Amino acid sequence: QGIFVLGLPYALLHSGYSGLLLIVLAAALCCHTGKILVVCLYEENEDGQLVRVRDTYEDIANACCKNLSPKLGGIVVNVTQVVELIMTCILYLIVSGNLLSHSFPYVALTEKTWSVIAFVTLLPCVFIRTLKIVSKLSQLCSLVHFVIILVVMTYCLTQIHQWSWAKFRLSIEFEDFLVSVGVIIFSYTSQIFLPTLEGNMKNPGEFRCMLNWTHFFACVLKTTFALTAFLTWGEETKEVITDNLPSFLKTLVNLCLLTKALLSYPLPFFAATEIVHACISKGNHSNYRSPLLSLGVRGSFLLLTLLMAMFTPHFALLMGLSGSVTGAAMTFLLPSLFHLKLKWKKLSFLEKCADISVFILGFLCSLAGIVCSIKGLLEVFG
């Protein structure tokens with residue numbers, strides 16, 4: 001339940017009734033690719049029992065590409081993961097600066113200065129060494145998110161007398177529809193974290209059930225939220241729905257969003273630094289647990305996110321471009337490709353067709369996103 005959720009009503013504005021179907025379809029597809037990705041971690045032993053022989057996304061990639069190069073797949077996956085995770089961290093910094101600027105307009109500070117202030121509050125992230133701490137911060141983040149959703153939906157319900165299904169579009173613009181597809185699909189992405197999550201569960205056998213229920217409830221919440229907000233504001237729906245709220249609520253919600261952004265930062269930051277730390281330490285096990293090495297990697301990444309947030313022009317468009325490549329690859333392309341490669345002989349005809357269909361869909365979404373992002377960059381730099 002990321003910040004993308006706040007853009008879902010705007011996505012409905014440009015996708016009409018098809019947007020409601022897309023929210024459900026995206027939940028089903030992301031749930032499916034999450035399951036098949038984790039299936040790739042297991043192989044049958046001599047007794048026909050499933051044994052976890054791989055631990056990470058990297059291990060799966062290496063197993064698929066071992067005939068070409070033993071480490072090629074892992075390198076590609078790690079680079080893709082790190083780029084997406086770092087881009088997400090930078091986005092949280094930029095969003096924090098923007099929210100602080102709008103929450104305190106009477107303070108004569110630029111958005112970049114506010115981003116630096118937000119960065120200072122994130123410095124303790126260099127001392128996070130376990131997933132347990134990150135999970136507790138993520139729990140707080142979820143609580144804040146539900147407060148935001150509750151405030152917005154409560155206000156919308158007070159305006160129920162203004163609701164009208166006539167606000168939904170029957171005709172849609174193709175480019176606007178592609179933007180909606182991107183917002184809806186990438187509000188569900190979690191594949192990067194799933195191998196680690198499944199490996200840390202007390203009962204990994206409940207993983208599939210957990211994935212089904214979380215995606216079901218996420219789908220219900222997203223559909224309800226997007227629908228009530230869009231029916232309230234219709235054609236006046238803004239890109240981030242909180243901008244539609246009255247001023248007395250907007251400041252409260254912006255501060256909640258700021259808290260959410262800051263609490264969201266540690267998860268992608270921790271995941272990215274763990275990947276890099278593991279790559280640096282590989283083959284040198286004596287240094288793997290070196291506190292100095294760990295601190296250096298985390299400190300470097302923290303500084304990198306600040307510098308890119310400060311000096312990268314048109315970051316939103318660059319984020320869209322990289323997200324179209326990395327997001328679609330990690331969510332649709334690679335899970336379906338790896339599943340076909342590792343489990344081909346054991347898959348039924350329908351399972352093969354499903355994986356191939358997901359791969360094609362992911363490729364088309366990625367291609368469309370790249371074209372739209374490049375077009376936007378060309379217009380900006382034109």
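Heads up, the Cβ atoms here are built off N, Cα and C, so glycines get one too.
Please treat TrEMBL annotations as automatic predictions, because they have not gone through curation.
Here TrEMBL flags 1-374 as domain 'Amino acid transporter transmembrane'.
When Cβ-Cβ distances below 8 Å are used as the criterion, the transmembrane segment (20-42) is approached by residues 8, 11-12, 50-55, 57, 59-60, 63, 180-181, 184-185, 187-191, 194-195, 198-199, 207-208, 211-212, 215-216, 218-219, 222-223, 226-227, 331-332, 335-336, 338-339, 342-343, 354-355, 358, 361 of the same chain, each at least six residues removed from its ends. Marked as transmembrane segment by TrEMBL: 20-42 (among others).
Long-range contacts of the transmembrane segment (75-94) within its own chain (CB-CB distance under 8 A, at least 6 residues past either end) are made by residues 57-58, 60-61, 65, 111, 115, 118-119, 122, 192, 261-262, 264-265, 268-269, 271-272, 275-276, 279, 301, 304-306, 308-309, 312, 315, 318-319, 322-323, 325-327, 329-330, 334. The feature transmembrane segment is assigned by TrEMBL to 75-94 (among others).
What TrEMBL records for 114-131 (among others) is transmembrane segment.
Nonlocal intrachain contacts for the transmembrane segment (143-165), taken as residues 6+ away from its ends with a CB within less than 8 angstroms of a stretch CB, comprise 1, 5-6, 221, 224-225, 228-229, 231-232, 234, 241-242, 245-246, 249, 252-253, 256-257, 259-260, 263. Residues or ranges marked as transmembrane segment in TrEMBL: 143-165 (among others).
Under the heading transmembrane segment, TrEMBL lists 177-197 (among others).
Remote same-chain partners of the transmembrane segment (209-231), defined as residues 6 or more beyond its termini with a Cβ less than 8 Å from a stretch Cβ, comprise 1, 5, 8-9, 11-13, 19-20, 23-24, 27-28, 30-31, 34-35, 149, 152-153, 156-157, 162-165, 167-168, 187-188, 201, 237, 241, 244. Among the features that TrEMBL reports, transmembrane segment is placed at 209-231 (among others).
Per TrEMBL, transmembrane segment is recorded for 251-271 (among others).
Annotation comment: TrEMBL describes 292-311 (among others) as transmembrane segment.
Residues or ranges marked as transmembrane segment in TrEMBL: 317-338 (among others).
Residues annotated as transmembrane segment in TrEMBL: 358-378 (among others).
Nonlocal intrachain contacts for the transmembrane segment (292-311), taken as residues 6+ away from its ends with a CB within less than 8 angstroms of a stretch CB, comprise 86, 89-90, 93-94, 97, 112, 115-116, 119, 122-123, 125-129, 269, 272-273, 276-277, 280-281.
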